[in-house]
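Just below is one structure, and these are the notes that go with it.
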Amino acid sequence: MEPRVGNKFRLGRKIGGGSFGEIYLGTNIQTNEEVAIKLENVKTKHPQLLYESKLYKVLQGGTGVPNVKWYGVEGDYNVLVIDLLGPSLEDLFNFCSRKLSLKTVLMLADQMINRIEFVHQKSFLHRDIKPDNFLMGLGRRANQVYVIDFGLAKKYRDSNHQHIPYRENKNLTGTARYASMNTHLGIEQSRRDDLESLGFVLMYFLKGSLPWQGLKAGNKKQKYEKISEKKVSTSIEALCRGYPSEFASYFHYCRSLRFDDKPDYAYLKRLFRDLFIREGFQFDYVFDWTILKYQQSQISTPPPRHHGPVVGPSSALPPAITSAERPSGGDEARPSGWSSGIPRRNSGQIFNSGSLAKQKAPVSSDPAISKDVVLSSSSFLRATGSSRRAAVSSSREAAVLGTDSEPSNPQIVEAGSGSNSKIPVSRNSPIVSSEINKLSSPSRATTSVMKNYEANLKGIESLHF
């Protein structure tokens, strides 16, 4: 008899796992809907699945928050059934050769600030803001950013909106690479710290790495101390040098906030939206991976033969050549909990992502710039089972320094990294160039162009990691 959960979900293959449980692909036997099923042994030393399920229920209904389908106990396991989502931003960062364009980073920043603001509105801090904990959706929601993993979340105010007290000598909770300065200094976290961590994530996407990655030390505690020292000694100006001043302004604002201050989320979003408009970008949800995936599809599935030049040695479309693996993100990095369960596919480096940032399109007057709108570009990313991610955290290879009375078992974890191979492709391919021009041209919105364009995308294989 096939294994079932809650008498409603069929348990499928394992798609991830780690010290905090195993994640399986599941199917609703009534609707055939695919879901993610996380199992946690009831005898685990620090159970967190029940706590996490309660957090998801508090946040239910929010944009970019996955839905909980079922929670309960089956035999020796606590079980959480939740939405199945697409790849994480860490996965997509690796797919894009570990660098994202300014346009993509700004589109992500807008949604990510919204997600953090919503969590804060519900009186909780996330306390583990990192690329692995933001996933893209599937299908019609492929352009929507989801926030996951509330195992380290903490309530920062009570029902009367009384803020938790300021405290010092706290253990570092979260991921050292993205932890705020005050968190390293042992100060109780508050809303400002989630936002500062997001700033480090955005600079990581733009720069490809952060100055405190790859530091050598004898043990983990010494490594975290070195990360802290490097972070303290790196000024905001040095970190953001060579990038628009809005990023430095973002950090200065976050660090100007007092412990219990309510951040002005609208100001932070406006900073990046004004930059977006000034750069002449269009809020069309065409991310770097959207373009790279389309170009890869042209290599793996060449267009039908026409009465003219054929694809070959003299063609503008070169064959796919796999080169050496890309360097990983740093020695203090840990494999993502998802990476262990999901095989990665060689990513394609079509052209330098810096050049992607220069592709300017007419500025849209559409109010989509202020909303998390899902547009037709989701047809680029048709995820299959092997590329889907559950909306729950699977593992933390953690070192707990000291004890803490908080309910979520505070930990220091190391940030994830991946290494993929590169497939060089000509940017000047007539097929690639024409389709990119369609994306950035005002005429792309016309019905005829979109029909032709979507017809070209039929049968494109989805991202595989």
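Yeah, the Cβs are placed from backbone N, Cα and C, and that goes for glycine too.
Check Swiss-Prot against the ranges 396-428, 429-461 and you find region 'Disordered' recorded for 396-428. Distance between Cα atoms for I23 (ATP binding site) and D128 (active site, proton acceptor): 20 Å, as a whole number. For the binding-site residues I15, I23, the greatest number of Cβ atoms within 10 Å around a candidate Cβ is found at I23. For the pair D128 (active site, proton acceptor) and I15 (ATP binding site), the Cα-Cα distance reads 22 Å.
The secondary structure of G21 (ATP binding site), as reduced to three states from DSSP, is extended strand.
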